[in-house]
Amino acid sequence: MSKLSLSSLDKTHLEGKKVLVRVDFNVPLNEDGQITDDTRIRAAIPTIEYLVNHSAKVILAAHFGRPKGQVNEKMRLTPVAARLSELLGQSVALTNSCIGDEAVAKSNSLSNRDVLLLENVRFFGEEEKNDLEFAQKLASHADMYVNDAFGAAHRAHASTQGVTNYLSPSVAGFLLEKELKYLQGAVDSPNRPLAAIVGGSKVSSKIGVLDSLLDKCDKIMIGGGMIFTFYKARGLDVGKSLVEEDKLELAKDLEAKAKAKGVELLLPTDVVLANEFSPDAESKISQIDSISGNWMGLDIGPDSIKVFQNALAECKTIIWNGPMGVFEFDKFADGTNAIATTLADLSAFSEVCTIIGGGDSVAAVEKAGLAEKMSHISTGGGASLELLEGKILPGVAALNDA
């Protein structure tokens, strides 16, 4: 799916034009209302600076939190505007509302190279309903549209899809373009062998991804809490480990599908057990056929780490989505950290394309200080999963074709 991108527009297209840019500024705040991680804001800077440098008038639209269609003072974009001003080195004005007379007056008074941030679009329930009248009001601020919010591209909302009915051209920003290049590229035309490492606690949240990846991958490694559903489906005792009883047949089907397709499906052969779910729990290493009693598995074991590392060393493209264990507890973070280090090394020394597909794996890689060493770190959680599942993202489909 080739879409028109911002890189195809130059100063002749952009100078003096009001450009509505959908960005993903849904960043975490602490109790004092301070931003604790500005990754998503920094990720939008290349697109914003390109527009500023080409003398456009930049109007940013973003959501923050889940205000449920009402104004929530704790979910205003004030701290975001302040941080963005620092990163850009220029003042960023903020409206009181994303639509209405005050917002229109501010967008109409912009000079070339100015940046304006519209207040939280989710203060209006019409945003998530993709209400076209609301979308038209948003679109009335601008002459053209750029979507750079990959993290919201799987939503058919007014600011991601509806506005494209009223603004042309509607193009992909640099972040969205990069996300599609890596994630779509890994799925559609990877350098092989292609491996996927899928972790996390529940099979249910990764069914679509696993099923889709079985059609595309040469190897799949499974870790995290979901492995115990596979073990129980095989008839093994898993002690008090997390199991989704209603997904046992599905686990059997996925193993059978892998075998039928000739995909190497690797599950851990040993695990790190704990006597309780706690950072200070008593722990021990056990083979998967020796789990019993009150013990629960919270990480993959050292033998499994080596097997996974050897399998990954043979690959040219690797997608990682989901941790290998409860990495938030240092005692049970070895599996996740080992995978992160392995991918960083393969990326640096063997020119392997390493893609970290959103969510907890990103947090794990950042916690390990290895983010800079990966080929690509996705900014989307649900959007990454849906793209890897082979789904069409509404926010992407709505853009002009290249």
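Along the chain as shown, residues are numbered 1 onward.
Cβ coordinates come from backbone N, Cα and C, glycine included.
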What does Swiss-Prot list, out of Arg40, Arg42, as binding the same substrate as Asp24, Phe25, Asn26, His63, Phe64, Gly65, Arg66, Arg122, Arg155?
Arg40
Going by C-alpha positions, which of the binding-site residues (Lys206, Gly297, Gly359, Asp360, Ser361) is nearest Gly65 (substrate binding site)?
Gly359
Would you identify the secondary structure of Gly297 (ATP binding site) according to DSSP, in three states?
strand
I want to verify one value. Collapsing DSSP to three states, which class is Asp360 (ATP binding site)?
helix
Out of Asn26, His63, Arg122, point to the one nearest Glu328 (ATP binding site) in space (Cα versus Cα); all of them are binding-site residues in the record.
Asn26
Can you check which residues sit near Ser361 (ATP binding site), meaning Cβ under 8 Å from its Cβ, same chain, 6 or more apart in sequence, and list them in order?
Gly199, Trp320, Asn321, Gly322, Pro323
Rounded to whole angstrom, what's the largest C-alpha distance between any two of Asp24, Phe25, Asn26, Arg40, His63, Phe64, Gly65, Arg66, Arg122, Arg155, listed as binding substrate?
18
Which of the binding-site residues Lys206, Gly297, Gly359, Asp360 has its Cα nearest to the Cα of His63 (substrate binding site)?
Gly359
